[in-house]
């Protein structure tokens, strides 16, 4: 019998968090009971260690907090919560937000412009998100803002800047870079053929290696059926790094649904 961590007797001053309800989103339906229990344990620790900061009047209740924590912890389910030690705060806007962006062009001129962002992440500093896109991260569509920003944090553990290569053994770096760049080229070829809007993988993945790793991490967890057959070698590298196989998880969930359907009387 699985001993659910949120069903343990709590002290009188502590309010039980709605973990069971928080788990009931499409992205997490394929998890086994053991995985759910482990994920909740990590998410509880996440909420103890990190500060969720609502901005611009956004209201953060216990269910929203739990679901945010679960999504943060899904990528590190097997890696461990220490992989998320590069930040202490999560800032949450109600909707995409405007920031001042500074960039340098090819001839060295510095430009400033205001742009709309869904999320932001720095090597040392808070993660910035918005609730509208967090809500869109609950399904299995290939889009997941939280996993995208977590991937950037995991990426920067390997050095001063995001490179698209997370902290893996040195002997595996060349193979990882080869497969990642091959995926970027393949995605770019599709974009040139059908256009960004019709591409089957988010075109942002072709912009640079760091974004490719972050975008494909979204697909790894929320649309493995699109990632695995298209980039099988890179898929295996992601499975080895994250120590998870979401495609196998998806097949198990589908088999369970089929079995249940055939046994309805």
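From the backbone N, Cα and C atoms, a Cβ is placed for every residue, glycine too.
What Swiss-Prot records for 111, 148, 152, 211 is Zn(2+) binding site, and it gives sequence analysis as the kind of evidence.
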Return the single residue from the binding-site residues list (148, 152) that has the minimum number of other CB atoms within 10 Å.
152
State the count of C-beta atoms found within 10 angstroms of the C-beta of residue 211 (Zn(2+) binding site), not counting that atom itself.
21
